[in-house]
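Pulled from Swiss-Prot:
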ACT_SITE  ASP169  active site, charge relay system
ACT_SITE  HIS201  active site, charge relay system
ACT_SITE  SER357  active site, charge relay system
DOMAIN    36-122  domain 'Inhibitor I9'
DOMAIN    131-419  domain 'Peptidase S8'
CARBOHYD  ASN248  N-linked glycosylation site
CARBOHYD  ASN261  N-linked glycosylation site
CARBOHYD  ASN348  N-linked glycosylation site
CARBOHYD  ASN388  N-linked glycosylation site
SIGNAL    1-16  signal peptide
Amino acid sequence: MQLLNFGLLLLPFVAGDLAPQPEPLLAGPSDVVPGQYIVTLKEGLTSAQIRDHKKWVSSVHRANLDSFAAGASGVETEGIMKHFHIHDLNMYSGGFDEKTVEDLSRNPYVKSVHPDQHVYLAKTVTQRQARWGLGYMSSKGKPVPLHSTLVDYSYDDKAGEGVWAYVLDTGINVNHVEFEGRGILGHNAIPNKPHTDEFGHGTYVAGIIAGKTYGVAKKANVVSAKAFDTGSSTYNYILETYDWIVRNITDSNRKNKAVINLSISGAKYQPFDDAVEKAFKAGITTVVAAGNDGKDAKNNTPASSPNAITVGAVRWENTRPSFSNYGKLVDIWAPGELIKSCWKGGNNATSTQSGTSAASPHVAGLVAYLMSIENLPSPSAVTARVLNLTIPNLVKDAKDSPNRVAYNGIQERKFKLPK
């Protein structure tokens, strides 16, 4: 069975360091949650078949617990825990003994059984400069001064108004002044933890999407969907949160006015790639980070989900930072080094960070921005428009990636500029 290390994508660096290096992803047996699994069911099952399958699982699990073989494992298991339904994809998490896992893997209704994983957050260090990223988004890829605060960012004054950006992350400080009351507490999957952001990552990402100073879509709403806390998470919580987001977007009838940002990455994990793909088929746009391994993104999840918008990081002078993943699955490049945004520790707190965690929300913000000013009825239309606006052949050392830099299209439209 596949092992996975899965984490948020901000990189550690010290003040003055302009070439931060990524921490290695350390996958190993200790990452596995003992006795806990994610089970994916085959497509096309009826509600009655799924209900009967769950009854069968409970019966088999109970019988195996009564046997000596199950008790000998030393792991307490609790059976089915949570069910996830994304479009026509059905999965569930559960605590099972080894014999039950063997029985599940042979069940005709089961597509796959994967061990659940701990998910680790990258360490970050504060560095106090840089505001180049926004200016880059409206400059057609023209190199901009790194530390200048005078770079112009031109945009239509609708600026994401009436659009919802869902941030699956560590939570958001919705009281931060940058959000001007547009922050919403959506879902908290972490048990016995408040719906706050004690780590900073989610607030930082949300600020790049929709902060009044640091955001691409300055009037968009940001919805906190907390699947991480301080240090680690598992797919049990990540899938629960992603499932909630898809349901909330669908039930609120806002598929063409919503975007999901996933500034997370780990080794290839098919069940979650499948979930992102099913959301796309349901009419929902997801923007994801390419990853910080300095390798081909095809081996990362959710970057390898074929219809997510996968974002690599570019520096202010159009070079690829050594940490950014690359490859044919990287759809677009956006600012991802020394980017300033909101932070933990207070309603005015800020921090400057690097990583594809910063690049992804630039594009999620661009999606929200475009949704507010154009009729983009489907994820395919969103992706096509975002890619149509890109500036080609600017990124040095893009490897074999599509060489396309994010751009908001302002110079091609007679938009009213902000006051």
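Cβ from N, Cα, C; glycine included.
Taking the features listed in Swiss-Prot, we show where each one sits on the structure.
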residue: ASP169; record: active site, charge relay system; DSSP class: strand
residue: HIS201; record: active site, charge relay system; DSSP class: helix
residue: ASN248; record: N-linked glycosylation site; DSSP class: helix
residue: ASN261; record: N-linked glycosylation site; DSSP class: strand
residue: ASN348; record: N-linked glycosylation site; DSSP class: coil
residue: SER357; record: active site, charge relay system; DSSP class: helix
residue: ASN388; record: N-linked glycosylation site; DSSP class: helix
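Here the glycosylation sites are ASN261, ASN348; the one with the fewest Cβ atoms within 10 Å of its Cβ is ASN348.
When the Cα atoms are compared, ASN388 (N-linked glycosylation site) and ASN348 (N-linked glycosylation site) turn out to be 36 Å apart. Every protein chain considered, the tally of other Cβ atoms within 10 Å of the Cβ of ASN248 (N-linked glycosylation site) stands at 17. Of all the recorded positions in the list HIS201, ASN348, SER357, the shortest Cα-Cα distance to ASP169 (active site, charge relay system) is found for HIS201.
For the domain 'Inhibitor I9' (36-122), the number of residues in each DSSP class (helix H, G, I; strand E, B; coil) is 32 helix, 32 strand, 23 coil.
Comparing CA positions across the recorded positions HIS201, ASN261, SER357, the one lying closest to ASN348 (N-linked glycosylation site) turns out to be HIS201.
With HIS201 (active site, charge relay system) as the anchor, the candidate recorded positions are ASN248, ASN261, SER357, and the one with the nearest CA is SER357. A Cα-Cα distance of 9 Å separates SER357 (active site, charge relay system) from ASN261 (N-linked glycosylation site). Rounded to the nearest whole angstrom, the C-alpha distance between ASN261 (N-linked glycosylation site) and ASN248 (N-linked glycosylation site) is 15.
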